[in-house]
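Before we start, here is the structure in question, set down as structure tokens.
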Amino acid sequence: MADRTPKRSADGLIHDAKPSKVTKNDRPPVIDFKRILAAKIAEKRGGPPVSAVSLIAASTVSTPAPVTYGSVGLPTRQLSDSDDDDEEDNATAKTHSVPIPVFKPPDQLTAPHTVKRKPTQPPTPTRPVHQAQATQRRPVVSYDTTGRRATTQDEITDAFGELDNELRRLAALTPVPGGWPESTRGERNQMVNPVGVKELPIVVQSITDRAIQIENRLEAQFHGATEMVKTVVPTVSVRGGVFTRHVITDTKRQPFLIEACEFIPSMIQEAPIPFRAVASKPFAAGTKLLTPKAGAPAVDLRAAPVLGKGYFGTVYKVGNLACKVQHGRVMPGVSNAISDVVEESLLGSRLQHPNIITFVKGFLYHGAVNTEAVCVSLWELGLMDLLSFTQQSFWQPGKDACDPLVKRYLARRFEKHTLLGLEHLHERGLMHRDIKSQNIFIFTNRGRLVAKLGDLGCCSKGAFCDAGGTRAYFPPETLAINVQCCASDMWAWGVTMWEVHTGRTPFWGGTDISMQKVFRYTGGFDNRAYNQLAVARHAMAAADSAVKPVPDLEGLMERGKVSLSPSFTDIMKSVLRLNPNDRATASDLLKSPRYTDESLTEGCECTDRKSLEKNAPEMIRLLEHNHLPPQKVIMTTDPHERDQLAEKERWGQVPMEVTGDFRPAPLYMPWLARADMGDDHTAKKLITLTPRDLVSVYPVVATKEYGVKEIRVYRPPEFSPTYDIVYLELKPTIDFEAIQSLMEGIQAIQKSIPYVVPVFHYTLGAHGTKRYMIYVTPAKRSITELNFDGETDDGTLLGAVILKQLISLAVAFRDNGINFITNMYNTHILYHDPRGVDIGPLKLDMVIYMLLHQTNNLNVYKLSSTDRTLRDPGDPVLKTCLAAYTYVKLLMSAPRALERLVPKTTISACKRFDDFFMIPTVKKISIPPDTKIKVPKLFSFIKIEPPQDISGGTVYASGTLS
């Protein structure tokens, strides 16, 4: 007879054994689904393939309950993870007849060995049916993921807890009616369900899908967390505030139709209720994009030498300029790449600094979609970038190397120059986001080498933003949780300067190796907690980081075999810190004794942009994009205009950028959030406008010209008395799209004309046939409330001061390309600031004026005279001066006083506006200075009561103030 001794195979299964009746407890094996997920993620990322059996067996946690085998004679014991225990059990095992099949992965499965039974043998199994009972399972930790968490680490813990809960629910072994058809030991001597094994790919796919959903939601939570302190990109900007355009159709509220414009509450600006935005045409008025003249001289780039190539485009040499050609590619995480390159041009045009490269001209070729777009920008051209400079023979060790003292002096110059450029950006709330040696350019001026920051394509605004730039220069917070701030620029600057001194970055290597080095020398994850999965899940948090008081740069230098001066080492220790809040700023470093030598800044002078513009080509010809219409990106019109980004003290000077749909929006200015937002307002509060809050009502006579039926001015107690809410009931025939164009024109002139009433927010609404407009402005009073008969403190007649202001208003309009019309002198639209001196400054409400008088053409740049009361066919300047003179005399109870001070005959002799201002009695009159207006915090929305005012509907309005 054949030997029936049980044989043990390498996989731990017993062969040549009869199928036995297995009495098994109802406790199913507990599976560690995190290990399943980690293995599948590793396989997806190119790791070794894992089979279904090994996957489930390797992730199964032994259940301490005993398993009783029936008449087969197998030993009764607890399942163990130890192979030694299995061998001991096999030593005492009895003989068996029929082999138990060895289960393989699904792709290698063969038909299982079936047991032949006698026909008279009943097929009903005698063993109990397996039923998974939750009460007999190992206690499962259930995480409460519904509560609010205080830290990012709590959110991560909750996400992993939710993942564990979902995986346990989805991936439990499926019970089979009538019991398992076969039950056997699998790898590592654990119970394996063959049906579950066959269904494992489906289960794992379900696990993977669910994990991806949770991961996406978690990433969205992280994105939302960064957005909490990030300024939302609005659609249109104004003097002193921001327009956010909302439209309500009936009572339905729809989200903004603007990419990457999600409104999230934050400490910087509150969240408006999102409404459906009226679509506007690209390149509308105020976009700073103008079509160049036909037949302008052009340059063909096919003959231009190539300076470099990158993912976004190519840089050519055109004369003494660098021509950057960028294509509008939509990348992951970038909603509108072409808007970014246009923004770079507009940013460069407004950043005038000796250590930032000068922008010269910009051109845009735009088609029907964003991918059909090319942005061409001309910049001043330097010698080379800093990386190429440090690769020259005189910088590298060897016989041709320059003197070490000269080398260290040049490095100090470059350090200070780049710090000055970063200070200029950070003071304006801007992050460079891509500081590296390739983006620092070397110039010569008066025999001196000058370093300048370039490549502003990644430049961003706000307190925090998503990661951008080059990974080798990323700080730990960017590597771990994918955010950047101004302190991230300082880290990248430190890495760059380390590279200049040593020839290599301090934390070289791959992503994970680089992170390990960062944490090793600056403090961070405990080694037991650090793993690839944690990094992939952005699991870094301050609570889990053992931050070192001072980075261990000595150990880093010893390991890298480099030697640095003590002063430079101290600088590096102040910027290469794990906690961004502990890093020194550019302003802090510039106070260091290392940079006090004034000779370090010799040759640092602002480039004369006008001289570069004279030699720049009028147009760049792109033959491969002939089907795209060219447009020119226009800079500031006034050549003597100061850097608007530096105008901190004037509330009206708001720097501009271009959003995704090419409408300008203000750059984030941190001083507005700190100082200008009044503390007397409560954010996220409902404002109800009741009849008790009504200050004044102006019924408008119904004529064909007027588009407004009624004007109401509210001053609710929740608002400071320095602000008004204006409600305009519009005619049903009014065109919302025309009003949108009007507001885009108004925002452009509010930025540059101090005589326009600033509008902090406006909303257009419709309910049935009712149409309305609500906007928030500073409190104002009609000019008729002024006392024109008195005198100022210096004895000047008040009427003469008003007259000079009116003429100055006309001059300001003319300088901005607007034909001032005489019927703007109207009591309904001229106001003065009640918080200032008694006589002004005067303000013109362009919104009411345009809707009252210019409904046929709501383009403020196309105003034409419609006042036929003045029949003087003379010069428009004379008409304007005489109209203002007549208006002031009508408001004065003693008009002869004005005649004595400023005779009408003298005004009639004026042929230019300058002639009026040269009148001796007018020349000495001083106009009151414009006052700084604090922008209030945003209320969540504004509600009009009673609702029957708009035929039973409810009006909601909200906006962004900055």
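Glycine is treated like the rest: Cβ placed from N, Cα and C.
Sharing the features that Swiss-Prot gives for it:
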COMPBIAS  81-90  compositional bias 'Acidic residues'
COMPBIAS  143-152  compositional bias 'Polar residues'
DOMAIN    301-595  domain 'Protein kinase'
BINDING   Leu307, Gly308, Lys309, Gly310, Tyr311, Phe312, Gly313, Thr314, Val315, Lys324  ATP binding site
ACT_SITE  Asp434  active site, proton acceptor
If you count other C-beta atoms within 10 angstroms, which of the binding-site residues Lys309, Val315 is the most crowded?
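The most densely surrounded of these binding-site residues is Val315.
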How many other Cβ atoms sit within 10 Å of the Cβ of Gly313 (ATP binding site)?
20
Can you give me the Cα-Cα distance between Val315 (ATP binding site) and the residue listed as 'active site, proton acceptor' in Å, rounded to a whole number?
18
In the three-state scheme derived from DSSP, which category covers Asp434 (active site, proton acceptor)?
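It is coil.
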C-alpha of Lys309 (ATP binding site) to C-alpha of Asp434 (active site, proton acceptor): distance in Å?
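The separation of the Cα atoms works out to 17 Å.
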Can you grab the distance from Leu307 (ATP binding site) over to the residue listed as 'active site, proton acceptor'? Cα atoms, rounded to a whole Å.
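Distance (Cα to Cα, whole Å): 20 Å.
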What does the structure give for the C-alpha distance between Asp434 (active site, proton acceptor) and Gly313 (ATP binding site)? Integer Å is fine.
17
Applying a 10 Å Cβ distance cut-off over all chains shown, what neighbour count does Leu307 (ATP binding site) have?
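That number is 16.
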Starting from the Cβ of Asp434 (active site, proton acceptor), draw a 10 Å sphere and report how many other Cβ atoms land inside it.
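Its Cβ shell of radius 10 Å holds 22 other Cβ atoms.
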